[in-house]
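Per Swiss-Prot, signal peptide is recorded for 1-28. According to Swiss-Prot, the N-palmitoyl cysteine annotation covers 29, on the basis of a curator's inference. What Swiss-Prot lists as S-diacylglycerol cysteine is 29, and the listing cites a curator's inference. Look at Swiss-Prot and you will find 102, 155, 196, 240, 269 tagged as nitrate binding site.
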């Protein structure tokens, strides 16, 4: 008999097209050992130590330092701490540490915990690649692995209230003429080459706007976006929740769209670790991964949403009002543009359902191809080779099998196939050059 009871296994199963978010937290065997954790940032509940990490499967170490940014998609790392999942899998001393910006996250990953930095992080999916290649580390590579995707969807593109009369949505075309009337119009994102940079560039380019010609980009840390829009530092910005909803709730801007409307179930954040840490501590890496995966399942249960948002709102985590987090976590959208509030669980942030946790290699290949599109990476970049080096979907599969995730919930291929964007453009991971050729606006460098 497996580690699941039969009833638990039935509850754990997801139906492929379910609109409601379901799932169940995994359970251990009988006669468990109980541990209480209290180290690191945040609090933890008592948890039974899983038999999956006993004896020869015990982690090599009991601690790791993991970074996070105050964004709702960091929830799995935080919930794994608060609910004692790290302890459950033999890692009671894990620290989950707030980072001021993605640049800080990068710098601390390069340092590593032995030098006062961190071992892994909640991170923009392209960043482990840019760090591994040395692109954003002054040419000094720091090899990293992606162990899981943390979420899909859940980001927003906002505009200042002075653009509200344009009623801009997925079609950004009306902004071209409006931006032309502004001296040096700026749009903000959170890290060059990161997901938010890619979303806002794609959206504006689809509307006929060219970076460097029709607008320039600036970097603003997520938690500083709302303050910057209040002083009119930019015309538009892209960032993850809860900051889009906070912008609306404070009445300082409105939302044009949520990124699931650009690309349904698009990949977003990753659980990234330094490669040397994983290679030196393979059992501990698996334990961390199992803890994060269980937290993802917990986060996607509808009955846990309010508790999740209450936890995230705490001073030690986000220090943000509960009201700025909860609606978007339930798929409820008020864009602050005068239109009716609507509910859509298909485009909302997901952590586990619809294979949200599995790190498809094809998605990482798109991010690298898009970085080529905008000149962050040379056209000669061997995207497949670097994806095969960084993306450790094999470790995800190993953890999923240990947790007895049903086989039909483990993707049969590391590719999700051809992806279609809101403007009809398609990306075939087997032919990324065809995608680049199809784009009218790009800045490809040799």
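Along the chain as shown, residues are numbered 1 onward.
Cβ coordinates are placed from backbone N, Cα and C, and glycine is handled just like the others.
In this entry, nitrate is bound by 102, 155, 196, 240, 269, whose most widely separated C-alpha atoms sit 16 angstrom apart. By a simple count of nearby Cβ atoms, those within 10 Å, the most crowded of the binding-site residues 240, 269 is 269. Sequence-distant neighbours of residue 196 (nitrate binding site) (same chain, 6+ residues apart, CB-CB distance under 8 A): 124, 155, 189, 190, 238, 239, 240.
Sequence-distant contacts (6 or more apart, same chain, Cβ under 8 Å) of residue 102 (nitrate binding site) comprise 69, 123, 124, 127, 190, 191, 194, 221. Those residues of the chain, other than 102, 155, 196, 240, 269, with a C-beta within 8 angstroms of the mean position of the nitrate site C-beta atoms are 69, 71, 73, 124, 190, 194, 195, 222, 238, 239, 268. Reduced to three states, the DSSP call for residue 240 (nitrate binding site) is strand.
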